[in-house]
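Structure record follows, encoded as structure tokens.
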Amino acid sequence: MAEQTQNHKPTRSYWRWSKQDFFPEESFQNLASYKTALSQTCFRLKDRLLNRSSVANEMFLFQESENAMKKCLTWWDLAWMSFGSVVGSGIFVITGQETRYGAGPAIILSYAASGLSALLSVLCYTEFAVEIPVAGGSFSYLRVELGDFVAFIAAGNILLEAIVGAAGLARSWSSYFASMIYTDTDFLRIRVSHFADGFNLLDPIAAVVLLIADGIAMSGTRRTSILNWISSVLSFMVILFIIVIGFIRGKTSNLVPFFPYGARGLFRAAAVVYWSYTETKNPTRDIPLGLVGSMSMITVVYCLMALVLSMMQKYNEVDANAAYSVVFERLGMKWAKYLVSICALKGMTTSMLVGGLGQARYMTQIARAHMIPPWFALVHPRTGTPINATLLMAIPSAIIALFSSLDVLSSIFSFSTLLIFMLIAVALLVRRYYVKDTTAKRDLVKFLACLFVIIGSSIGIAALWNSNTTEWVGYAVAAFLWFLGTLGMGLLPKQRLQMSGVFHLSPGCHHCQLG
């Protein structure tokens with residue numbers, strides 16, 4: 001059936017604007033139907049709250065796109081796409097900002113902590129991605145395990161994360177470009193005095209660059225992937241150069257004080273630093289290798305880059321907008337400044353390319369589920385890419401990049417990402433311990449009790465941390481409750497076995513062959 005759908009050529013034009021493409025449901029057919037639907041709002045909300053999708057349903061939602069996306073990615077492509085997307089933005093955008101204002105030299109430990117957390121999240125994504133290899137990623141996983149309502153909340157956060165993340169990346173691109181021309185990173189921005197702080201520096205270059213990157217992403221997946229890994233390999237070579245020069249020219253005395261902002265600054269910075277998605281030839285092999293392999297490599301690179309930045313200058317002298325290019329200029333290596341700036345621009349460009357590619361796939365799956373108009377699910381027959389969904393990402397991102405500064409965008413981006421990571425972890429637990437019409441009611445009650453204890457104690461620890469309390473009793477009680485909840489859940493019977501290795505699949509993974 002999948003092959004027949006892929007070979008099917010729709011008679012309707014891709015570029016169409018009919019009511020059916022935006023509002024296909026019966027409730028929108030006429031005014032009477034709409035009034036009837038409004039009168040049933042309570043019942044509809046209840047249905048959405050409790051209704052869960054199925055793996056089989058998610059696998060066949062691709063038919064809503066009329067044309068299939070081209071399966072042209074291998075584990076090599078996935079590894080470099082993940083590397084290119086994160087290294088371009090994380091190292092050159094966030095490191096300088098968090099070293100200067102967040103953690104100081106302890107940013108190294110912040111990256112190690114966030115890297116471990118992200119790796120655990122990637123393992124959750126890997127298990128889901130192998131069993132449900134659809135372009136919707138976390139949205140599809142949550143829809144299957146936690147239901148439509150939670151998936152709807154996640155969809156809003158995914159949309160927010162995609163738009164804000166791309167805008168922040170574009171702003172950083174223009175900062176590095178300006179640093180190559182002039183010392184002031186705001187040199188190319190237009191100041192509007194009567195706008196509020198954080199929104200008063202207009203950045204037309206950021207908006208244009210973002211639109212160009214998304215235009216390339218719309219032209220084809222394979223072309224974008226090849227461009228990404230070539231650029232990423234070159235960027236990796238320059239990163240090695242930065243690390244070597246950093247150790248040669250850096251001073252360990254610059255690492256003192258190591259914790260200028262204390263433990264609170266360390267973990268606050270760790271919370272600002274985080275990514276994931278899918279479209280592969282061989283999901284059972286390529287997804288684990290691509291995601292886990294790239295995440296391990298990225299964590300090591302992050303820590304080394306953070307270390308050499310802290311060694312080359314004092315933390316309170318780091319430029320928050322273009323840290324690496326400015327530090328080489330201060331060391332008297334102006335030629336290296338341009339090399340680093342070009343590398344940063346290349347890295348951030350590939351991040352925008354991969355972001356435009358990956359986030360549009362999320363939007364496509366959300367549109368296939370009719371949580372946004374299905375017009376955005378359409379895949380272009382020639383390019384094999386979701387052009388409409390890409391435009392949905394590109395246009396708002398460009399507008400936000402025009403107005404909003406990086407510090408405003410980074411905090412919003414982190415909140416959205418961490419919420420999705422938390423929901424994915426909960427969904428994986430639900431998948432292992434609960435199967436509808438199979439799990440005994442008493443086991444379900446025990447599981448929910450343990451889950452609420454774990455989540456509640458975690459929230460308690462976070463609340464204590466943000467209250468600035470110096471009392472340890474609250475932490476001890478919350479940690480003990482967390483331990484009891486985790487122990488209790490570990491003693492419950494599992495309905496599905498987790499992956500014992502990256503190539504071992506959970507029961508029911510034969511669905512991976514569909515679509």
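Cβ atoms here come from the backbone N, Cα and C positions, even for glycine.
TrEMBL labels come from automatic prediction, so no person has curated them.
Over in TrEMBL, the protein carries these features:
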TRANSMEM  78-96  transmembrane segment
TRANSMEM  108-129  transmembrane segment
TRANSMEM  149-170  transmembrane segment
TRANSMEM  199-220  transmembrane segment
TRANSMEM  226-248  transmembrane segment
TRANSMEM  255-277  transmembrane segment
TRANSMEM  289-309  transmembrane segment
TRANSMEM  412-435  transmembrane segment
TRANSMEM  447-466  transmembrane segment
TRANSMEM  472-492  transmembrane segment
Of 108-129, 149-170, 199-220, 226-248, 289-309, whichever stretch has the most CB pairs under 8 A to the transmembrane segment (412-435): 149-170
Range from 149-170, 199-220, 226-248, 289-309 with most C-beta pairs under 8 A to the transmembrane segment (108-129): 289-309
Spatial neighbours of the transmembrane segment (149-170) far in sequence, C-beta under 8 Å, 6+ residues away: 48-49, 53, 88-89, 93, 138-140, 142-143, 203, 206-207, 209-210, 348, 351-352, 355-356, 359, 362-363, 366, 369, 371-372, 393-394, 396-398, 400-401, 404, 406, 409-410, 412-413, 416-417, 419-420, 423
Contacting positions for the transmembrane segment (226-248) when only residues 6+ beyond its ends and CB under 8 Å are counted: 76-77, 80-81, 83-84, 87-88, 91, 216, 301, 304-305, 307-309, 311-312, 324, 328, 333, 336, 339-340, 342-343, 346-347, 349-350, 353-354
Chain residues in Cβ proximity to the transmembrane segment (199-220) (below 8 Å; excluding those fewer than six residues from its ends, i.e. six or more beyond): 70, 166-167, 169-171, 173-174, 177, 186, 188-193, 227, 349, 352-354, 356-357, 360, 380, 383-385, 387, 390-391, 393-394, 397-399, 401-405, 408
